[in-house]
Amino acid sequence: MGRADSEEGQLPAPVKPPDGGWGWIVLLGCFVITGFSYAFPKAVSVYFKELMKDFHVGYSDTAWISSIMLAMLYGTGPVCSIMVNQFGCRPVMLIGGLLASSGMILASFTTNIIELYLTAGVLTGLGMALNFQPSLIMLGTYFDKRRPLANGLAAAGSPVFLSCLSPLGQVLLEKFGWRGGFLIMGGLLLNCCTCGAVMRPLEMGMKRKMEKKAKKAKKKSKKGKKLLDFSIFSNRGFVIYTISKFILVLGLFVPPILLVNYAKDTGVPDTEAAFLLSIIGFIDIFARPACGMVAGLKWVRPHVAYLFSFAMLFNGLTDICSARASNYTGLVIFCVFFGISYGMVGALQFEVLMAIVGSQKFSSAIGLVLLIEAVAVLIGPPSAGR
C-alpha cells in the first residue's frame, strides 16, 4: 500500500488494539471530526433564510447546500479509501482540514447560489470527508473490546456540536451577517487539522527487529494489494446493510436540515426555532453513548444487528408521527423522540458494519457504503424541500 505501511504501522504481524492509552486521544479527535462532519451541514441551515433573501431563491435551492455537503461526505468514500490506503490517515486528514476551512472562507465572498454550491458545498464537503473516514479507521485500530463504547462516544460528537453550532450560528448571523458567520465558521474548521495531527499510527512491539522482514514483505505486497476490495459485495449481510441504509438515509437528514425554517414559517421566533436543533442535539448526546454501552454488553453484542434494525424502525415511525406536530410544543416532543432514534442509529451504524465485514475490509466497506448512500443524501432533503 505504498507509504501507508510505514505511516500506519501495518507490518506483517497484526497489532493488538490497546483499547486505551493514546487511543483516548484518538477518540477525542474522532469526536471532534464526527461533530463537524455531521453537525455542520445541519447547523448551516440557520443561515438559509438570509440566503433566500439575498439570492432570491427558495427552500429547495438552499437545501442543496447541505445536501451537496453531505453528498460529498458520503460520495467521496471510495476516493478517501484509496487515499488512506496510499498515503495513510494523518496526511489525508491534514489536507482535509485545510480544504474544509478554505471552502467556508471562500463561501463568505460568493455572489450567487451556484458559487455557494461549489465552495460551501463541494469544497467544504470534500474536506470533511477526508477527515471523517480516516478518523473512523484509526478508531477501529485502537479499540476492539471497547469498540462499541468508543463508537458511541465518538458518535456523540455530532449532537454535542449540533447543540453548540446551531445557537452559535444564530448569534453570528445576528451580529456579523451570514458572510461574517461563514468566515468565522471557516476558521473553526481549522481544528480538523489539529485532530488529524494527533492520529498517531499504532506502534508495534519489536518493530526494529522486524524491519528487514517488513521491507521484503512490502515489496511483495505492493503488487497484490487492492486499493478497493469489491469482494465484500459477495457478503449477503453487507448487501442487506447497504440497501437498508440507503432507504434510511433518504429521510434521515430531512428533519434536521428543514426543521428550523419550517418552524419559522409557522410563526416560531428565530431564536426558539434554532433551539429545536439544540433539543435534538441534547437528547442525542446521551442517546449515543448509552446505546454504545448497551451494544457492548456480552449478551447484546452478538445480536447488535437486531438492535440497529429496531433503531431504524423507531426513526422511521418518529418521522411519520411528526406530521401531527402543528405547534411549538408538538415540535419539541418530536425533537425529543427524533433525538433518541437518531442517536441510536448514529451510535450503531459503523459498529454493525465493522461486525459484518471485519476490521481488515472496513476501509473499503465504509467507502463503498458511503458512495451508495450519497445518492440518497443528495436527493432526500431537496425533494422534501420541494
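Positions of Cβ are set from backbone N, Cα and C atoms, glycine also.
According to TrEMBL, the feature transmembrane segment maps to 21-40, 63-84, 91-110, 116-137, 149-169, 181-206, 227-254, 274-297, 304-325, 331-350, 362-380. Feature annotation from TrEMBL assigns domain 'Major facilitator superfamily (MFS) profile' to 23-386.
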Of the listed stretches 63-84, 116-137, 274-297, 304-325, 331-350, which one has the most C-beta pairs under 8 A with the transmembrane segment (149-169)?
274-297
Using Cβ atoms only, state whether the transmembrane segment (63-84) and the transmembrane segment (304-325) have three or more pairs under 8 Å that are 6 or more apart in sequence.
no
Same chain, outside the transmembrane segment (181-206) by at least 6, Cβ under 8 Å from its Cβ: which residues?
7-9, 11, 13, 15, 17-18, 22, 25-26, 28-30, 32-33, 36, 40, 44, 47, 88-90, 92-94, 96-98, 100-105, 107-108, 120, 124, 127-128, 131, 134-135, 138, 141-142, 165, 169, 172-173
Please give the sequence-distant neighbours of the transmembrane segment (331-350): residues at least 6 beyond its ends with Cβ less than 8 Å from one of its Cβ atoms.
38, 136, 151-152, 155-156, 158-159, 245, 248, 252, 255-256, 259, 263, 268, 276, 279-292, 295, 304, 307-308, 310-312, 314-315, 318-319, 321-322, 325, 366
Segment-level pLDDT (mean, integer) for the domain 'Major facilitator superfamily (MFS) profile' (23-386):
82
Are there at least 3 C-beta pairs under 8 angstroms linking the transmembrane segment (304-325) and the transmembrane segment (274-297), leaving out pairs fewer than 6 apart in sequence?
yes
Under 8 Å between C-beta atoms and at least six residues away from its ends: which parts of the chain pack against the transmembrane segment (91-110)?
7, 33, 36, 80, 83-84, 116, 119-120, 122-131, 134-135, 179-180, 182-183, 185-187, 189-197, 199
So if I exclude everything within five residues of the ends of the transmembrane segment (227-254), which remaining residues of that chain have a CB under 8 angstroms from its CBs? That is, six or more out.
41-42, 66, 70, 74, 78, 81-82, 85-86, 305, 309, 312, 315-316, 319, 342, 345, 349, 352-353, 356-357, 361, 364-365, 367-369, 372-373, 375-377, 379-381, 384
Other than its close neighbours in sequence, what residues sit by the transmembrane segment (304-325), given a CB gap under 8 Å and a spacing of at least six beyond its ends?
148, 237, 244, 248, 251-252, 254-255, 291, 294-295, 331, 333-334, 337-338, 340-342, 344-345, 348-349, 351-352, 355-356
Contacting positions for the transmembrane segment (21-40) when only residues 6+ beyond its ends and CB under 8 Å are counted:
69, 73, 93, 100, 124, 128-129, 131-132, 135-136, 138-139, 142-143, 150, 153-162, 165, 185, 189, 191-192, 194-196, 198-200, 281, 346
